[in-house]
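Copied over from Swiss-Prot:
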type: BINDING; residues: G8, R9, S10, G11, S12, G13, K14, S15; note: ATP binding site
type: BINDING; residues: D56, I57, R58, N59; note: GTP binding site
Amino acid sequence: MELIIISGRSGSGKSVALRALEDVGYYCVDNLPLPLIPELAGFLSNSGRSAVVSLDIRNIPENPESIEALLEQLSKLTIQTKIIFLDCERNTLIRRYSDTRRLHPLSNKDLSLESAIDLENTLLEPLYQQANYIIDTTNISSHELAENLRGILRGSTDKALKIVFESFGFKYGLPADADYVFDVRFLPNPHWNPELRPMTGLEQPVIDFLERQTEVHNFIYQTRNYLEMWLPMLEKNNRSYLTIAIGCTGGKHRSVFIAEQLAKYFQSRDKDVQIRHRSLEKHHKK
């Protein structure tokens with residue numbers, strides 16, 4: 001039995017997350033007032049049930065000590081508590097609100113949309129810092145968000161650590177869900193070869209180019225060794241996901257190739273591996 005608290009920025013997908021978890025059998029409560037959460041946790045502890053609670057910014061006090069006191073109170077109960085925080089880039093949130101023409105929950109404070117988003121970010125910081133999992137919904141669909149959540153919940157009963165290798169472009173910003181970020185912008189760049197420029201790191205000519213570079217081989221080898229050294233400690237740390245982000249300038253060539261190579265290596269070592277390329281979709285849209 002466990003209590004899962006879902007919070008995050010307004011517009012980041014909390015309603016989608018709640019529906020997804022309800023679909024897999026969790027008892028879900030939307031916008032439960034903060035003081036009532038310990039009562040729900042006590043009920044769950046006695047009944048042996050699990051539940052999901054979403055926390056809206058309107059139910060979160062401005063005093064961060066209230067959240068810390070709640071978490072301390074929950075830690076004294078026998079039920080396991082996890083916090084999942086949904087994050088999203090500021091510009092994406094602005095676009096989502098513009099598309100739906102809905103009001104931000106803090107707009108009643110006579111704030112502009114941009115100011116409301118920034119204030120909410122400040123108020124949510126204590127929960128962000130306490131979160132067990134952070135999911136960046138900027139570039140993922142509702143289906144992908146639901147799948148990520150199901151993966152996290154499967155990890156609650158499956159002790160195997162899932163290693164996620166993701167490529168990204170620094171020009172689009174850092175992925176918020178990354179545990180480790182490796183910068184490969186110093187490596188030889190296929191972008192400067194006119195024939196390779198329109199291709200990606202998944203295509204054979206780019207693969208051949210990068211495989212000829214000694215620096216690329218050295219980077220992969222040393223990164224692999226670093227991860228292998230610390231994986232046993234991370235696996236003992238009772239975590240479900242380890243997200244390793246590889247970034248180049250545009251997330252199209254070098255980071256894609258290296259993420260693929262690292263993923264293949266750890267798959268060959270019987271690790272539970274997932275791979276995603278965050279920025280490739282942006283290039284396909286051009």
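Using the three backbone atoms N, Cα and C, a Cβ is placed for every residue, glycine included.
Swiss-Prot feature annotations superimposed on the structure.
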residue	record	DSSP (3 states)
G8	ATP binding site	strand
K14	ATP binding site	helix
D56	GTP binding site	coil
Other residues with Cβ within 8 Å of the Cβ centroid of G8, R9, S10, G11, S12, G13, K14, S15 at the ATP site? L86, C88, T137
Report the nearest neighbour of K14 (ATP binding site) in space among the binding-site residues D56, I57, R58, N59, comparing Cα positions. D56
For the recorded GTP site formed by D56, I57, R58, N59, which further same-chain residues have Cβ atoms within 8 Å of the site's Cβ center? N31, L55, I60, P105
Binding-site residues: R9, K14, R58 - member with fewest neighbouring CB atoms within 10 Å: R58
Please list residues from the chain of G13 (ATP binding site) whose Cβ is under 8 angstroms from its Cβ, counting only those at least six apart in sequence. L86, C88, T137, S142, L145
Are there any residues in the same chain, six or more apart in sequence, whose C-beta is under 8 angstroms from the C-beta of S12 (ATP binding site), and if so which? L86, D87, C88, L93, T137
In Å, rounded, how far does the Cα of S15 (ATP binding site) sit from the Cα of D56 (GTP binding site)? 10
Taking the Cα atoms as reference points, how far is G11 (ATP binding site) from I57 (GTP binding site) in Å? 11
Identify which of the binding-site residues G8, G11 has its Cβ surrounded by the largest number of other Cβ atoms within 10 Å, counting every protein chain shown. G8
